[in-house]
Amino acid sequence: IGMLSLPGFLSCGKKKDFNLTNEKDAHSSDSDENSERGNWSNKTDYLLSMVGYAVGLGNVWRFPYLTYQNGGGAFLIPYTLMLALAGLPLFFMECSLGQFASLGPISIWRILPLFQGVGITMVIISTFVTIYYNVIIAYALYYLFASFQKVLPWSDCFSWADEFCSKTRIVSDCNTTLHGEIIHANYSFITSNNLTCINGTVNYKPVQFPSEQYWNKVALQRSSGLDETGRIVWYLALCLLLSWMIVGAALFKGIKSSGKVVYFTALFPYVILLILLVRGATLEGALDGIEYYIGRQSNITKLMEAEVWKDAATQIFYSLSVAWGGLVALSSYNKFHNNCYSDAIIVCVTNCVTSIFAGFAIFSILGHMAFVSERPVSEVVDSGFDLAFVAYPEALSKLPVSPLWSFLFFFMLLLLGLDSQFATIETLTTTIQDIYPKMMKKLRTPVTLGLCTLLFFLGLICVTQAGIYWVNLIDHFCAGWGILIAAVLEIIGIIYIYGGNRFIEDIEMMIGKKSRLFWLWWRMCWFFITPVLLMAILVWSLVTFSRPTYGSVLYPTWGTAVGWCMIIFCVIWIPVVAIVKILKAEGNLVQRIVSCCRPAANWGPYLECHRGERYSHIVDPKKKKEHEIPTVSAIVY
């Protein structure tokens, strides 16, 4: 027992454990540099997890639509610029921050205690988002199971359809020539008298395609609005339960298990995208769809419109998942000297290339749908839910062996969603681990499963008959301004208060000394360009705010109020925590604020062997206490 009180380093982060109960944390292994928190088993696990987190449903159902809407191929110019000016600088910053201190999104704010509420905001927003995001995965699961039929259930107007359901457009009336005069008549009159419509004068009846009615009447059993909650749709609830079971099973050992699952979930969607692209490119009308996507002649004049640049910036911002806390959490499990700079470049470029590649796969098949239905491509192109669960399924139902293509598409959506969900849940468990490290060392699996269970029950409101309205409401508010506010404060706090040059020195401790020329671009972005762009997007979003709608359904006033309450609940912790920190500090008001703007006493690299001369004075109070009061399970350094 006496020997146990002799602390001494065996190696960097490797500790000899004399725990008599011989307990082992599944989150770490003997080969880990950081035996307390654990590390990724290898570099590939980390990169695939990051790619899976960044590449999500938005790459498939939002980017292609934005490209088509904003000038085709010309949109790639502002998109690439925004990647370089806003997306990549924030991505690199968060990856470096998490890796340097090996801490989650809340504890990382030891760097600037006054701003710790920013970390809390990130975690709460991630919690809201993970609730509804798994509901979207449940939708994909439902359609996946529905694809196991010889005839796809949304391929025609079956018993569930009403009189407005039709696979083709129905002519209502038009102008025609009768006895030398032009008259306006019903189409029934025109056909009965063997007349023909004059081109350009045809009006069509308001009809809905089978896929649209199936989505609303069968899959969602959608009510009239948020006021009419209705009952829980039992098969969606079961799909939601299954999706949470998959997430829990993949994360029961933390990064050690999820790091292996992503080899399949992150890579196989590319195989499916390639299959869909090859199949789509061989269909009639595919070229028309692709020309709408990248433009027969890209509309360069669109670049003069502010809306195009705003769309490019917001798509990059949300696509890369910056300011959600996930990048910090995943990077915190890296080894200290990992090259986070090259990682950031690889993941960001992969994300953007995936978006462009997905656009070809999506628009080639939508072009075929337009050809078959004899409509312009512009009338079959949608974004979001309408693309994923109405337009694309409708197009797939017209292909030979349609159940196979439908299965592949929804399986791809499932995998894209699960990757992002894995990282978001890991963000929450990392936060819990930083707050209660001893509990998580022993009870990681029960805590993870308990968290998934709790989030499942919270998500049941989203699988009622009014569920889609709740999903849209949370997405409209929580996934918008809260993230922008957190991002703006994050970059201001780290660059202007903690110090941009000081932060660069921290990064150089990990990746080695770099030249002034190397840092010139990053300094320009971090100190000026990126914060200005983020502020512009935030102001633009506030100025152009409109009440949430789902299709033609307006939300009630109380629904909009609930949305505001959600976003206020997310961001209120920023001033609350700042006030608490100031009240707990010593001295007059100015001295208290100044002290809260200094890094905490235990800020720095997690392992002492990495602290060097710059952080050699720092001693973690918890570790100091462990040295002073050794126990039977004491650890010899």
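Including glycine, each Cβ sits where the backbone N, Cα and C put it.
Reviewing Cys157, Cys174, the cysteine that TrEMBL connects to Cys165 via a disulfide bond turns out to be Cys157.
Those residues of the chain, other than Gly52, Ala54, Val55, Asn59, Ser319, Asn351, Leu416, Asp419, Ser420, with a C-beta within 8 angstroms of the mean position of the Na(+) site C-beta atoms are Val51, Tyr53, Gly56, Gly58, Ser321, Thr354. Each residue contributes its Cα atom, and for Ser319 (Na(+) binding site) and Cys165 (disulfide bond) those atoms are 35 Å apart. Put simply, Cys165 (disulfide bond) is 36 Å from Ser420 (Na(+) binding site) when counted between their Cα atoms. Put simply, of 46-63, 404-425, 480-499, the stretch with the most CB pairs closer than 8 A to the transmembrane segment (114-145) is 404-425. Using Cys157 (disulfide bond) as the reference Cα, a 10 A cut-off selects none from the binding-site residues Gly52, Val55, Leu416. Just going by CB pairs under 8 A, the stretch in 345-371, 480-499, 520-541 that sits most against the transmembrane segment (75-93) is 520-541.
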